[in-house]
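Data first, discussion second: the structure below is written as structure tokens.
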Amino acid sequence: MTDKQFFVAFEGLDGAGKSTVFEALGPLLKNRIKNKLVLVDKKYPPAFSSYTDNHIATIRSILWEYPKGAPMDELGDMHWLYLLAAWFHVIDNTQIKPALVEGHSVIMESWCYKYLVRYRLKADYMYEAMLTAFYSLTRPSPVIYIDVDPKIAAERKTSYGFSESGGMDGLKGSSKSDFIAYQNTLREIYLDLAAQNGWMIIKADHKSIDFIAHEVMESLSDFGI
């Protein structure tokens, strides 16, 4: 068993299987480490004060509980940028930082990088603004990128949302082919970001969840975990 403290987060395309791998990895990590492991739910954190809970619920409802067909693009990219930054700082300040201060380790299904990848497709000033807004967030090490061919990711889904098909980047349509085309573009950016920052890359095409989870566990040994 290891007593090394860590903050691990997964990243990957929509439909890559991050949530399933995250759920499979939790019990395996708990058996390996001596300190407490905190599994952070990015969208549904535990209860705090009523004020904070109401604050969190309001931001979450705007970001993720919008009605189908909502004209999200009418509000503009900068609106969503700062709302996303507000959300991630809430999660950082209420869950991640306190857990690390108490000596616990943290694992998350995903962190903020999905949005950095998408904002790389926008105007340079928007990407720079997001880098600045996210700058003081706690950074996971390692980040585990679950690499899946977008065609395989598309087969796992029954519908293709507005944003995951490129609607926020000026693309029209939410068909399977629209999803694959947009996710291919995102994948190139993800792999570039992974190479720049030394992320762990797990090739996940045609592999079972158990196989991927054990491959991740073997790779984590290289980080002393």
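Glycine too: its Cβ is placed from the backbone N, Cα and C atoms.
Over in TrEMBL, the protein carries these features:
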- 10-207: domain 'Thymidylate kinase-like' (DOMAIN)
- GLY12, LEU13, ASP14, GLY15, ALA16, GLY17, LYS18, SER19: ATP binding site (BINDING)
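Averaged across the domain 'Thymidylate kinase-like' (10-207), pLDDT for the predicted model comes to 92. For ASP14 (ATP binding site), the number of other Cβ atoms no farther than 10 Å from its own Cβ, over all displayed protein chains, is 21.
For LEU13 (ATP binding site), the same-chain residues that are 6 or more apart in sequence and have a Cβ closer than 8 Å to its Cβ are VAL148, PRO150, ALA153, GLN183, LEU186, ARG187, TYR190. For the binding-site residues GLY15, LYS18, SER19, counting C-beta atoms within 10 A of each C-beta gives the highest total at LYS18.
Annotated ATP site GLY12, LEU13, ASP14, GLY15, ALA16, GLY17, LYS18, SER19; additional same-chain residues within 8 Å of its Cβ mean position, judged by their own Cβ, are ILE146, VAL148, ALA153.
Around the Cβ of ALA16 (ATP binding site), 26 further Cβ atoms fall within 10 Å across all displayed protein chains. DSSP classifies ALA16 (ATP binding site) as coil under the three-state reduction.
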